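Taken verbatim from TrEMBL:
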- 69-93: transmembrane segment (TRANSMEM)
- 99-115: transmembrane segment (TRANSMEM)
- 178-202: transmembrane segment (TRANSMEM)
- 262-281: transmembrane segment (TRANSMEM)
- 293-312: transmembrane segment (TRANSMEM)
- 340-360: transmembrane segment (TRANSMEM)
- 380-403: transmembrane segment (TRANSMEM)
- 415-433: transmembrane segment (TRANSMEM)
- 440-457: transmembrane segment (TRANSMEM)
- 477-502: transmembrane segment (TRANSMEM)
- 530-711: domain 'STAS' (DOMAIN)
């Protein structure tokens, strides 16, 4: 048997007895001093800084040519082959010419090799980002009143021969589109650079997984809708703003009678081939291990579509829309990015945040799987640099692609050397092969995009899991999805973020609260609604509020406390009724005395309250004894309320005022309030707000059990109840100490884990997580 003897510790006693100090204070000046100390003008410091901002140096130091080079070559060729059709398809999705998608697959990939910290993501075109860039371009065209116009132009061929020809301003419109897209890319890059410099990579935590899932699924609906016109070969007007999806579908159904049969048949055949090979060959668990690399079905479809369109003359005979001329070579650096900056700032912010959130989340997935670290702030610098440089070479915003990244990792890619290999393949396409894709039908690229959306639409299945897990997460997914679909992509993201923050506010405003009871034979106190064995102590209520107390939830804290314990306002009503009855009785008694004469009739003193002489003093260290109340409540059987503050990470000034208010209101009815397990941050706030000028420090206790025992001693002192009724044995004279007799058997045989404790004590619902797996306390004698 192990006997632990210690006094009842108020917080003040404990702090004085064990030399408590203050938490270290972090100020702007101390932060600056710490940074200055770290600044050293030495070769080692320079190497460390350069290595941090150029991660490829440390990656290449560990590069093993024998083990890593061949897998990187194979993965690079595989991903490069995927880049070609996807780059062209997503370039079309951004409202630009397909060749600009190839530029996105080339320039950012090379830059990310030097600046990125992830070894496995495939940077380049991504459907959602391409759609957001296209949406920003449409808004810019509308705001600047740039529309496609056609008119008849008179041409004098000489000799009085005058002809008319139809001309348009398509070149002007395409140039404006390119300038708008480059402006979006430049601003998005600047925003990401600034976020990286100020180390704000943590901001992505506000984009939760349900929010991202709902947003990308809603954006997938926009991507799907934008490609229907290419599948059917019809013309629709481009809409932007709120309800643009609805207006687009009105145009689609209106123009369905003008469907081009050859275009529709080509689209269906391409989608059929893509689905069969992707689902039943590349993803077949029996066939997949036998393949040297996944079948590049997208590239096969592109090549076949180009060849068939060329020899069958699909554009000339059947009006099948083709990609058109693809220029040879790399684009010349230009300043297109500065032409429409003021028009695209709002859209650029959304694009910058979404592209970073998607890319860094994928980076973290692969880093966790392969056991290496990702620096979110360095990733911001990498993405921002890629976008800024790319904006001068006609490449729009880039992001990591989930499909390409999975393929890159699946075929054995080890490092970003795969990006260099894929960029080499793209360079060959841009310099040599590009013009041969002139006859590629747009419907083939549209079919590639629609089949690639399958993974995003699968996210609808998340709703079922979220419904079972959390109603708040379910609502966040649904609200973000609906806002993205019916409003617009950028507005949908804004609505989703605001709604997600509102759910956090709602949770913090109305947290869970409960009453605690004592597990018999222990000093453990648990939620009585979860643990059947936990019993409340007579005349004592132990209240727990699972949150900090601040201005937004302070009123809810007070209402919850009153609801679960006793409401002072109800006691006031009872007191008024009682006073009224006493007054009536006294008047009746006086009337009776007057009617029968001056007889000696004793008048009871109804206001008298039983009191005792001075209570026993609890000697704890050198602290002053608590200021005991010498009366007991007459309107309720609750004499003490203990507030468990262990879950309160902080209390603001409003929270302190509410605490003072409830203590004062309870004290008016002789109900004593104790605070237990207050964190140092809470106690520091008490000092700053002069809490101790109105409340005694001796009402703060180190543990709930200290507060309970102190309350029981106080109750005995005031009411004179026997110690047997309170569970206290008077073995220490006037100096009462707690003697905890704890019998501990063999640790290996007697130790119980959390589940054993819950089972043996009849836990209902979800087990409490703060129960330790220490040996069970069998006996506690006080």
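Including glycine, each Cβ sits where the backbone N, Cα and C put it.
Keep in mind that what you see is a predicted model, and the values were worked out from it rather than measured.
If you take every residue in the domain 'STAS' (530-711) and average the pLDDT, you get 82. Tertiary neighbourhood of the transmembrane segment (415-433): same-chain residues 56, 59-60, 63, 68-69, 72-73, 75-77, 79-81, 83-84, 87, 99, 102-103, 105-106, 109-110, 112-113, 116, 118-119, 122-123, 328-330, 408, selected by CB-CB distance under 8 Å and a gap of 6+ residues from either end. The transmembrane segment (69-93) shares the most Cβ pairs under 8 Å with 293-312, out of the stretches 262-281, 293-312, 380-403, 477-502. For the transmembrane segment (262-281), the residues of the chain that approach it from at least six positions outside its boundaries are 230-233, 287, 291, 295, 297-298, 300-301, 305, 314, 318-321, 441, 443-444, 446-448, 450-451, judged by C-beta separation under 8 angstroms.
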